[in-house]
Amino acid sequence: MAEAKTHWLGAALSLIPLIFLISGAEAASFQRNQLLQKEPDLRLENVQKFPSPEMIRALEYIENLRQQAHKEESSPDYNPYQGVSVPLQQKENGDESHLPERDSLSEEDWMRIILEALRQAENEPQSAPKENKPYALNSEKNFPMDMSDDYETQQWPERKLKHMQFPPMYEENSRDNPFKRTNEIVEEQYTPQSLATLESVFQELGKLTGPNNQKRERMDEEQKLYTDDEDDIYKANNIAYEDVVGGEDWNPVEEKIESQTQEEVRDSKENIEKNEQINDEMKRSGQLGIQEEDLRKESKDQLSDDVSKVIAYLKRLVNAAGSGRLQNGQNGERATRLFEKPLDSQSIYQLIEISRNLQIPPEDLIEMLKTGEKPNGSVEPERELDLPVDLDDISEADLDHPDLFQNRMLSKSGYPKTPGRAGTEALPDGLSVEDILNLLGMESAANQKTSYFPNPYNQEKVLPRLPYGAGRSRSNQLPKAAWIPHVENRQMAYENLNDKDQELGEYLARMLVKYPEIINSNQVKRVPGQGSSEDDLQEEEQIEQAIKEHLNQGSSQETDKLAPVSKRFPVGPPKNDDTPNRQYWDEDLLMKVLEYLNQEKAEKGREHIAKRAMENM
């Protein structure tokens, strides 16, 4: 009887709140119908506000109420909301023995429960935003004034009232207390049973995924073994087929197609590389052609520069000779010979070569020298000029013998101004500076005249060098006479001519030192002697005869035309009666020197082209 009383008491207590809920639901539905009639747009909004999860929660809540109503074991101070978690745990464990029968409830009870669920579903969307507002941690309203250190002891009465209205399972995901830590909330949500279920789920997932990976690895290994076996079989078949057929491969169609495609790709790559190499070679050849054209242009420009230098040099000689005639008066012939003395046989040979290369007659060339004109650039020479392109590059003997010319000073053209006496030590046997000076038609250093004035008449006109002391003032010096500038200008002209001769002599000396094989020591015969000023006419006739004999070997016309030239530009005086033989030997020596210069020029050109090609590569 006691059990029956407690059962009916629990049912009565559960029906009392249902009655209140039904009355409130009827009132709310009446108001809602009025609102829907007034505002038809609100109907669509309310239709969308019925989510299916809320209905599921309502049904679960109904089932929990039914289980609480039919629960046999209950305490005297029974709270209907304290036993909500017990049926849930029983449901998770799968214990269906304690579930009561569903037929025990009447139809009226079911209708009341459904109406209550509908009322809760209507009121929850409106009250949810008010109730589930997050706590603002910075606001002072949420914090109590007398807050203790242990924030767990703080009680929240408002939240208790709300929990009395709704079971705690509805607010599992919401944060009730803002002062609780996250890990504490998680510990409250996850029970040991839920953790055990999760662990079992993960274990099952591991079991499901593990065999798949193992199966895949096994399949890959089997496939590799299968391919290796197939390769071995193909190799054995190839060997057997080669023995039978005679060298042909036995491959399946797919392998043949793959090999053909690979060969085609390789051939295409090789063709592309060959085409690129051909294009690169064409570009390089084009660059080399451009370089050769540049070298030709440079050689032509250098040729014109050399010709202009020779013409300017000869013009200077002619002007110096003319000025000497005007100043000397009665001694005009000796003055012309004096000015024309630096012109040696090599300059005459250079004039002949220039006339041949430029295809200009000697007479016209002499007239151009007189007037100072240059030949037209349209006339192309048949072969290159015998003069080297760059004398500084050819004179490499200085690099091997740095002490050869110590006291020299380079001029604008690159020739040294003063001859060095240290070169006599580097000369080969049978060759000396005296031989080179004799070859150039000049006198040796021992037999050289003291001054350019052979007679006392010219020496008297030379300004005596007055001593200048540190103690004397410049006002006590003698004033210059009116004729002093003429003498100074004439002396400057002499010095310029002497510098040119010295430069040419040193250049030939370097060439002879570099190529000593052109000299035969058995043919050199030094005969010391000194020409006197009284035998100048006889010396000129002998030189003229020697030049005529040399030029008769080439052509008779040029000798007739150059005879007055040789008279006008005589060479240095001979030393003895063996002048013709010595002159022939000098001419042969000059020809050899010029040949070697041409060879060296060609070698230099080839080296220059090779260097440019290597730089471009």
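Quick reminder: no glycine exception, Cβ is built from N, Cα and C everywhere.
What Swiss-Prot lists as signal peptide is 1-27, and the listing cites sequence analysis.
Annotation source Swiss-Prot lists region 'Disordered' at 120-143 (among others).
The feature sulfotyrosine is assigned by Swiss-Prot to Tyr151.
Marked as phosphoserine by Swiss-Prot on the basis of similarity to another entry: Ser174 (among others).
Mean pLDDT, taken over the region 'O-glycosylated at one site' (182-200), works out to 70 on the 0 to 100 scale. Marked as region 'O-glycosylated at one site' by Swiss-Prot: 182-200.
Across the region 'Disordered' (257-302), the DSSP tally of helix, strand and coil residues reads 46 helix, 0 strand, 0 coil. Residues or ranges marked as region 'Disordered' in Swiss-Prot: 257-302 (among others).
The compositional bias 'Basic and acidic residues' annotation in Swiss-Prot covers 257-284 (among others).
Residues or ranges marked as phosphoserine in Swiss-Prot: Ser268 (among others). All protein chains shown were included, and the count of other CB atoms within 10 Å of the CB of Ser268 (phosphoserine) stands at 10.
Swiss-Prot lists 293-302 (among others) with the feature compositional bias 'Basic and acidic residues'.
The feature phosphoserine is assigned by Swiss-Prot to Ser432 (among others).
Annotated phosphoserine per Swiss-Prot: Ser532 (among others), in sequence order.
The annotation region 'Disordered' is assigned in Swiss-Prot to 552-583 (among others).
What Swiss-Prot lists as phosphoserine is Ser555 (among others).
Positions annotated as phosphoserine by Swiss-Prot, on the basis of similarity to another entry: Ser556 (among others).
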